[in-house]
Structure formats: structure tokens, C-alpha cells
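Colleague: Pulled these from TrEMBL:
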| type | residues | note |
| --- | --- | --- |
| DOMAIN | 1-464 | domain 'Major facilitator superfamily (MFS) profile' |
| TRANSMEM | 16-38 | transmembrane segment |
| TRANSMEM | 45-63 | transmembrane segment |
| TRANSMEM | 69-90 | transmembrane segment |
| TRANSMEM | 102-124 | transmembrane segment |
| TRANSMEM | 130-148 | transmembrane segment |
| TRANSMEM | 261-287 | transmembrane segment |
| TRANSMEM | 299-318 | transmembrane segment |
| TRANSMEM | 325-348 | transmembrane segment |
| TRANSMEM | 373-397 | transmembrane segment |
| TRANSMEM | 409-430 | transmembrane segment |
| TRANSMEM | 442-461 | transmembrane segment |
Amino acid sequence: MKRGNYTHFSVNDQQVSWIASLSLLGALFGGMFGGLAMQYGRKRVLTLMSLPFSISWILTMFAKSVETMFFTAFVGGFCCAIVSTVAQVYVSEIASPDIRGFLSAIQKIAGHFGMLISYLLGAYLDWRQLAMLIAMAPIMLFISVIYIPETPSFLVLRGCDDEAHRSLQWLRGPHKNVELELDTIRSNVRTTRMNLLNRINTSTANGAVGTGVTVDGATGQSIPLGDHRRGLRYYIEMISFEAIVSNVKSVLRNARLVKPILITCGLMIFQRFTGASSFNFYAVTIFRKTFAGMNPHGAAIAVGFVQLLASMLSGLLIDTVGRIPLLIVSSIFMSLALAGFGSCVYYGETSKMLIAEGGVLSDVSMATGQNDWIPLLCVLVFTVAFALGISPISWLLVGELFPLEYRAVGSSIATSFSYFCAFLSVKTFVDFQSFLGLHGTFWLYACISCVGLFFVIMVVPETKGRDLEEMDPRYVRTLTINR
């Protein structure tokens, strides 16, 4: 941190790794909080979190010590995780099946576009100036969210059927007949709520749970008493608290939640521990050590641009090719590219050592600079493969695999685990590099990517063209059979 508008201070490699990784540690807790906060509305959470998100970047701009950077990194990551989690669920709940993959990919496209902008501006701007520009993005989010409706699924879950109808009509267009879709959502949400209430009542000795609802022990049906709307709102708040906080162990034993958690968390492992997080946070540093003649900032910009194009292409392919084919192709090419990059780094390091031992130090750049295109090609192939497959699809499945009654807690668990893996990946990159070397680190990432390929083939289901459960007319019958 040697450049600055107000105060100069320096940081070492370990402090840099903490600044990078603390944002992800904050995101871990943000993912947990985001799942809990979603019970109060997807739109409301997005609106409330955008302002502290912006403030964290403003504080970064005025930071005068490394400790302040630690704090703002943590807070910024916390807010970012909440916004990302809720935004993914929001998109999944408002989209029809034929465009859900495309709309979900837009979130990743926007992230890659932001990364490209940061690489471009980072080559010319001071880091404080860059933080000032980034602080504007959450403010834009705040203004935009004001004009969008709450999701129909959430409104139906809250018992606000009239608002749900207006929301769905706004989303589908003024001339679209939404009655059938709304009836399907309403029926399936009602069945979902009854199943969840029955499970909670069973765990409390088959008696009343103090919410204004009596449960018939013979039929298992809930009988509302008093004001329906007020009782329903209270009931849903109690359900969220019981299911997410007080009854986590019993919820995790439910097969309808455990399998999606295993699948999504498994994908998050292979998404985070295959080098993508390291490239995002240490791109210029890695390229400076790898390339002899190429400008590392220029290489980072090229990677960011290719990443953006690949993410845009993924938005078109996810709903046409399918999730599994893209994941398989992505894993194969990521493994090859990571192994190739590690080999290029090993060759370059070995060449430098041999030249240094031979006393021809002045020819080091000339001897290795002409081969810079090879590791750059490996990085570009990895970037395309990552952005086409596991990067957008792992997050898309978070919104697709979890049933409505578990979507908040499921999204919270998967998101928190993802950011925990990202925290470990970014924090340990410096340590892996010390123990294994830069080449050994990327060989390790290649091995992890190979394991991810087998995981995709054997475990991950295809969700192309499938309705979310609360939108699927077959959902009520399936729940009744499986109950």
C-alpha cells in the first residue's frame, strides 16, 4: 500500500493474504446471516444491505492502517455474501424454467464485468480512487431494487396472495394470464407449509405450539384459529426460527435437504480449490512471477475480458446444452489447463536456475520471455472452462435443488460453505506456494479438478428444464407420496 492520497503504509505478503481472505471470511458469516434474513423478504434484504456495503468501501478509501483494511474487508465480504445469496434466490424464484439458467448466469456475468473493470482501472488508478468508484455500485443496487417487486413465492408463503398476483403479473407482463401459475404456486406452497408445520408439531409432542394453530393428531392437518393473516405471519417467523436456529440437527436429517447440501457443497469445494480464487486475488502477482516479458497488468486485463465473454456464452448454453455436459467439459479443460500452467511455471523456474548457475543473468528475460504465450494460453483456457461450467452452475444449483421450505437454510449453508472454502483457498495460497512452489500449487489444483470431474459424473443431477418445486404441478403429489 505504498500509493495513497492520505496516508502511506506498507504491508507484507502475509498481511496481503489476510486482507484478501478476510473478505471471504466475512462472506462466510454473511452467507449464514443471509439465509436467516431472507425470511423477512428478498427485496427488503437487498435494499437494507446495499447501504452498509457501500459504506465499507468508503471506509476503505479513507483507511490509514492495515487494521482498518482488515475491518473493511471483513464487512465488505459480509455484505457481499448476503447480496449474492439473496439475489440468486430472487432470480430463481421469479424466472420461468426456460430462462432461469440464463438469468442466473447474468449474476456471474455482472461479477466478471466488475472484475474486468477493476483490472482495467487498477492499472491506472490509486487503490483509494478505485475503492471510491466501487462504492458507487451498491448505491446503484439500492436505487434499482426500489422499483422491482417481491418474489411471488415468498409473498404466497407469507399469505399475501393479492400482492403475489400483482408481482407475478408485473414479472410476466400485463397481458399474460398468470392465474394457472399462481394457483400452482399457491397449492404447492400450502402443501410445503403443511408438511413443515406437521414436522415441527411432531417434534413438540404432537401438541399445540403456541401459534394460534391446533394440529389434529389423527389427520395431521393444521386448523387455523383467529385472524388468518396475523397467525400465518407469526407462524412463518416461528417456523424459520425453529427450522434454522433451534432445530438444525433434525432438519439436516431430512433427506430432502441433505442431498442438495452434499451436492452444492461438493461443487463449491471444486469451484474454490481449483485456483480461480487465487487468480482473482493474486492475478498480477502470479503473472509477474510467471511472465518475463509480458506486462502482468495487461495479462490480467486479457484474462478478465475472456472471462466476461465466456460467462456471457455460458448464459446461452446452460439452458440449451444442459448443466451436466457443461460441468464435465469444464472440469476436463480446467484440469488440463492447470496442469499445463504448473508445468510452464516449473520449466520457467528451472530455466532461470540453470541460467543463473551458468552466470548468464542478463539473458534470463530473453530466454524465457518468448514463451510467455504458453502459460497465458493455459490461463485463458482455464478461465473459459471455469466461466462456462462450474462457476455459474454451482450457484445456479443452489437456487434449483433446495425445496422452498428449506431454500433459506439450504442457501445459507451452501453459500457459507462456499465462502469458507474460498477463505481457505486464498489464505493458503501463499503457504502452498512456500511449501510446494508455484508450480506445485497449480499441480495440486489440477488434481482437485480431476476429482471434481468424477464427482460431477457420479453425483450431480441434471436440472435442465425442470420447474422449481413450488412451480411444478406434480409437486403436491410427490410430497404426499414421500411424506
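Just so you know, glycine gets a Cβ as well, placed from its N, Cα and C.
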Colleague: Six or more residues beyond either end and a Cβ under 8 Å away: which residues meet both conditions relative to the transmembrane segment (102-124)?
Modeller: 84, 87-88, 91-92, 95, 130, 133-134, 137, 280, 283-284, 297-298, 300-301, 303-305, 307-308, 311-312, 314-316, 318-319, 387, 391-392, 395-396, 399
Colleague: Grab the same-chain neighbours of the transmembrane segment (69-90) for me: Cβ-Cβ under 8 Å, and only residues 6 or more beyond its ends, written as numbers and ranges.
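Modeller: Counting only partners 6 or more residues beyond its ends, the transmembrane segment (69-90) has Cβ contacts under 8 Å with 1, 11, 18-20, 22-31, 33-35, 37-38, 42-43, 45-46, 49-50, 52-53, 56-57, 59-60, 63, 104, 107, 138, 141, 151, 395-396, 398-399, 407-408, 411-412, 415-416, 419.
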Colleague: Using a Cβ-Cβ cut-off of under 8 Å, list the residues of the same chain that are 6+ residues beyond the ends of the transmembrane segment (409-430) and lie near it.
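Modeller: Result: 13-14, 17-18, 20-21, 24-25, 27-36, 38, 77, 81, 84-85, 88-89, 243-244, 248, 251, 257, 260-261, 264-265, 268-269, 271-273, 277-278, 281-282, 394, 398-399, 401-403, 441.
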Colleague: Take the transmembrane segment (325-348) and find every residue of the same chain, 6 or more past its ends, with a Cβ under 8 Å from one of its Cβ atoms.
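Modeller: Residues packing against the transmembrane segment (325-348) from afar: 270, 274-275, 289-290, 292, 314, 317-318, 368, 371, 374-375, 378-379, 381-382, 384-386, 388-390, 393, 437-443, 445-446, 449-450, 452-453, 456-457, 460.
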Colleague: Pairs of Cβ atoms less than 8 Å apart decide it: which stretch in 16-38, 261-287, 299-318 has the most with the transmembrane segment (442-461)?
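Modeller: It is 261-287, which has the most Cβ pairs under 8 Å.
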Colleague: How about long-range neighbours of the transmembrane segment (16-38): same chain, 6 or more residues beyond its ends, C-beta under 8 Å?
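Modeller: For the transmembrane segment (16-38), the sequence-distant neighbours (Cβ-Cβ under 8 Å, at least 6 residues beyond its ends) are 45, 66, 69-70, 73-86, 89, 240, 244-245, 277, 281-282, 407-420, 422-423, 426-427, 429-430.
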Colleague: I need to check the long-range neighbours of the transmembrane segment (299-318): which residues 6 or more away from its ends have a CB within less than 8 Å of a CB in the stretch?
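Modeller: Long-range Cβ neighbours of the transmembrane segment (299-318): 101-102, 104-106, 108-109, 111-113, 115-116, 118-120, 122-123, 279, 283-284, 287, 291, 326, 376, 379-380, 383-384, 386-389, 391-393, 396, 464.
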Colleague: Quick test of the contact rule: Cβ under 8 Å, at least six residues beyond the ends. What residues does that give for the transmembrane segment (261-287)?
Modeller: 20, 24, 115, 119, 122, 252, 294, 296-297, 299-300, 303, 331, 334, 338, 379, 382-383, 386, 390-391, 393-394, 397-398, 401, 410, 413-414, 417-418, 421-422, 424-426, 429, 438, 441-442, 445, 448-449, 451-452, 455-456, 459-461
